[in-house]
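Quick look at what Swiss-Prot annotates:
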TRANSMEM  19-39  transmembrane segment
DOMAIN    68-275  domain 'ABC transmembrane type-1'
TRANSMEM  76-96  transmembrane segment
TRANSMEM  111-131  transmembrane segment
TRANSMEM  150-170  transmembrane segment
TRANSMEM  202-222  transmembrane segment
TRANSMEM  254-274  transmembrane segment
Amino acid sequence: MSLILPLEKPALNLRPLLWLLLPLLALATLFFWPLSLIVEQALRGANGEIGLETFRQVVDSKRFVGALLNTLQIAFFATAGCLLLGSVMSLILVFIPFPGSELIGRVVDTFIALPTFLITLAFTFIYGSAGLLNGALMSLFAFELPPVDFLYSMQGVILAEITVFTPLVMRPLMAALRQIDKSQLEAASILGAHPLRVIGQVIFPAALPALMASGSLCLLLTTNEFGIVLFIGAKGVNTLPMMVYSKAILESDYTVACMIALINIVLSLGLFSLYRLAASRTGVRSQPC
């Protein structure tokens, strides 16, 4: 006579859920809860009711429209400059090695660790009204006023951001260029292909994922950059992060500041979504920078 033993149910393993719960709890505490407070403050009108009154007030403001246009203009031009300068420098350092190229590559890596205000301070010492360049020109040509004054304009902000964020393009791009099969370049050279054609048909497709990833990172960082604009003190250059600062700290208008911050968040997410869409259309997989 056979005995039928009851099947024991396996014990429920809660360890995977615990490992999932801990990061979710930290994320909710450090990110979603403060974000919900910003959203609530932004949507709460003067009468205490939730609505879009503050949103309409902000959007109708010429100051906000100007800050939005300045933010987009600085972000796009700075990103384009980073991609152009980073591509040229990466091609030279990888495919045209020269004495000291390794040292320059290490200096580029060091730039990533430097705070943005330090680069801006160096720009002030060099291109400022009392900087080295203006001092030398005024001494040589007896100018009464500093001849170089682009630093305190939008062009100065863009140039400073290009200097700060170009290493973020070069680092992944140089890694991608070093993985290109040199035999393909040698074959194209033997067949008499023009260097520009080699770049367009061999190098560019291999470098496209790195360019897309680093370009999107630069676009997001330049859109939300605050320290460079504040430290340079460019006249008439107001951006969304600067407007959030002035509304919250200088004017104590926290409702409007939260609404502008919320719009800035939506803008950043929108730009990132455009990058993801472009990457999917071109068949590029996102890579970490």
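Placed from the backbone N, Cα and C atoms, the Cβ positions cover glycine too.
Tertiary proximity for the transmembrane segment (111-131) is limited to same-chain residues at least six positions away from its ends with a CB under 8 Å from its CB atoms, namely 146, 148-152, 156, 159-160, 163-164, 166-168, 171, 225, 227-228, 231-232.
The recorded stretches the transmembrane segment (19-39) and the transmembrane segment (150-170) do not share 3+ CB pairs below 8 A when only pairs 6 or more apart in sequence are counted, and are therefore not in contact.
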